Amino acid sequence: MPKASHHDLRFAFRELLASGSCYHTASVFDPMSARIAADLGFEVGILGGSVASLQVLAAPDFALITLSEFVEQATRIGRVAQLPVLADADHGYGNALNVMRTVIELERAGVAGLTIEDTLLPAQFGRKSTDLISVEEGVGKIRAALEARVDSALAIIARTNAGVLTTEEIIVRTQSYQKAGADGICMVGVKDFDQLEQIAEHLSVPLMLVTYANPNLRDDERLARLGVRVVVDGHAAYFAAIKATYDCLRLQRGLQHKSDSLNATELSHTYTQPEDYIRWAKEYMSVEE
């Protein structure tokens, strides 16, 4: 069977965005998971920033991974992927000029699209970890990303955190990013269909939601009617892999009968030690949670 080129996969993702359906992403974190996802018929995968941080650094999602480390993992996936893979490019690893470099490197890695978010990352001295950059700076980043891409089929998706904004503020931000030329709008933290409907009526570009399996947003037909084309439920496959590794090694050591077995969430918490990072951020940066 002939292999699809990176451009072919980008075109396939463009067709997905132009369709009238809603698709759920496979969590893709290495070449093997990319092959499995494609073989199982997933239409699109995503390399999450949080998952990349876990896979590469065994660190929590505190913007610790570097662009080069993230691109290396995306490149490994891009060598074998036969489904469109989106890259969660966080804040673009810096200012608008850094965003341009991010787009250049991830395009070469073979991703079909990438999200650039407007969270103030990495966490800044004396600021809240959920603070956002200004709309003007966010617009500049999207315009810079569009300028940097070579293959026009590469999708540039603007992402914002609906969980820390009023609905009116979300509309202002997303309309601004749409006007700047974003190929799609990604939102995390949308509460329910009522809020989504209020936002969607002001937008014409395809929408992407990070829902973490929010039970209030479980209706693919309704999502599709509102323009949602991509849904990220989370990264269950990655955490299942962590759990399977833990259980297998416990069995190998003869510890399977002990009562202190951990679930996937507990394992992630135990082995990334987020309390240390939170304490350091408070002590050295006066960062508020």
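Heads up, residue numbers simply count up from 1 along the chain you see.
Note: Cβ is positioned from N, Cα and C throughout, glycine not excepted.
The Cβ of Arg159 (substrate binding site) lies under 8 Å from the Cβ of Thr115, Ile116, Glu117, Asp118, Ile185, Cys186, Met187, Val188, Met208, Val210, each of these being in the same chain and 6 or more residues away along the sequence. Taken from Swiss-Prot, the feature substrate binding site covers Ser50, Arg159, His235, and the record attributes it to sequence analysis.
Sequence-distant neighbours of Asp88 (Mg(2+) binding site) (same chain, 6+ apart, CB under 8 A from its CB) are Ile46, Leu47, Gly48, Gly49, Ser50, Ala52, Leu114, Thr115. According to Swiss-Prot, the feature Mg(2+) binding site maps to Asp88.
As a whole number, the greatest separation of Cα atoms within the substrate-binding residue list Ser50, Arg159, His235 is 18 Å. Taking Cβ-Cβ distances under 8 Å and a sequence separation of 6 or more, the neighbours of His235 (substrate binding site) in its chain are Ser27, Phe29, Gly48, Ser50, Val51.
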